[in-house]
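Q: Handing you a structure now.
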Amino acid sequence: MSATPEIEALRVSPYRDGGAPMTGEELIAANPYRPWPARITSIQTLTEHEKLFEFRFIDENIRNAFHHQPGQFVELSLFGVGEAPISISSSPSKSGFIELCVRRAGEFTQRLHEMQCGDIVGIRGPYGRPFPFEMMKGHDVLLVAGGLGIAPLRSLINNIHDERSEFGKVTIIYGSRSPQEVMFRDQFEMWRHRKDFDLYLTVDHPDDGWDGEVGLVTKPFQHLEVDPDRTFGAVCGPPVMYKFVVQEMRNKGISYDRIYMSFERHMKCGMGKCGHCQIGHQYCCIDGPVFNYWEAKNIQGSM
Ligand SMILES: Cc1cc2nc3c(=O)[nH]c(=O)nc-3n(C[C@H](O)[C@H](O)[C@H](O)COP(=O)(O)OP(=O)(O)OC[C@H]3O[C@@H](n4cnc5c(N)ncnc54)[C@H](O)[C@@H]3O)c2cc1C
């Protein structure tokens, strides 16, 4: 699909005072509110309600300059519809594109689900505080995702996968309501076949073909052997899940400041200006969305 004149206009790279064109990094920094045009290059249907979209920035400078870390999000805009925060689901170790896993929830996400490969959207970011990937190196990592929480955690899991030798034991627990709602089945099969990932898939309501665990996402904790002095926890899922998963991690002896969780709050600007995502004295968009349990406990009304 060829770009419209409006899109072409957005592609023009401004110049510095001296006349040299700005680098991609300079362009992004010059106006962090500006969405950059990106093309949908792949769409994968994951479940009845979720699709995985791959986007590539049209401007090569932006494409090369855009770097994120696991746990960060972008503001995705659909022209004439609006803007929404969406976690980046792909690993930073894969460059040139980003993947967003989106659940159909209301008007915005419905319109995205109707789009086709070649369609153009706007993306600004990346925003927010990521998971402490570098700090996790040299340690065991216990990752727990519920439902759509697998979207941001997938970025972290794939990043760990690509630098596997830097980490100790890696355990992944992923819970869904039913087998039909399990996302990224092919990736789970790949991780399952690797001997260096301990994987637990669990559903609340199994069907006849289900051969994984049955029960809440906390159930596999019964089998887990955790060395608390060398383990980081990472949790992402529906709000109700955090309290119970964190309690299980605490029962295993993992310390408050090594349990990380990602919070979703309604947000607009993504840059700590509008106040929509304020929880107590913190802005979820810049102080989070990833907080450790110690911080989360001290944010009024968050846990
Ligand atoms: C940091 C962050 C990361 C996110 N990452 C993802 C992601 O990876 N994939 C994804 O599908 N969605 C993600 N969301 C949620 C996404 O932004 C909303 O689903 C989207 O804005 C809904 O827009 P809509 O117009 O389709 O639905 P609306 O009509 O606005 O809402 C439909 C339903 O979704 C609920 N909803 C709306 N916004 C949020 C929100 N921010 N958090 C929780 N519930 C919400 C509403 O309360 C309502 O029940 C994220 C939100 C945040 C803050």
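Each residue, glycine too, has its Cβ placed from N, Cα and C.
Unlike curated records, TrEMBL annotations are generated automatically.
Reproduced below are the annotations present in TrEMBL:
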type    : residues               : note
BINDING : C269, C274, C277, C285 : [2Fe-2S] cluster binding site
DOMAIN  : 33-133                 : domain 'FAD-binding FR-type'
Q: Around C274 ([2Fe-2S] cluster binding site), how many other C-beta atoms are within 10 angstroms of its C-beta?
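A: I get 13 for this one.
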Q: What number of additional C-beta atoms lies within 10 angstroms of the C-beta atom of C285 ([2Fe-2S] cluster binding site)?
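A: So the number of other Cβ atoms within 10 Å of C285 ([2Fe-2S] cluster binding site) is 26.
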Q: If you take the centroid of the Cβ atoms of C269, C274, C277, C285, the listed [2Fe-2S] cluster site, which other residues of that chain have their Cβ within 8 Å of it?
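A: In sequence order, the nearby non-listed residues are M267, K268, G270, M271, G272, K273, G275, H276, Y283, C284, I286.
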Q: Can you break down the domain 'FAD-binding FR-type' (33-133) into helix, strand and coil residue counts using DSSP?
A: 14 helix, 45 strand, 42 coil
Q: Pick from C269, C277: which of these binding-site residues has the biggest number of other Cβ atoms within 10 Å of its Cβ?
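A: When each Cβ's neighbours within 10 Å are tallied, C277 tops the list.
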Q: Over the domain 'FAD-binding FR-type' (33-133), what is the model's mean pLDDT?
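A: Its mean pLDDT is 94.
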Q: Quick one: what's DSSP say for C285 ([2Fe-2S] cluster binding site), helix, strand or coil?
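A: Reduced to three states, the DSSP call for C285 ([2Fe-2S] cluster binding site) is helix.
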Q: Once the DSSP letters are reduced so that anything not helix or strand counts as coil, what is C269 ([2Fe-2S] cluster binding site)?
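A: Assignment for C269 ([2Fe-2S] cluster binding site) reads coil.
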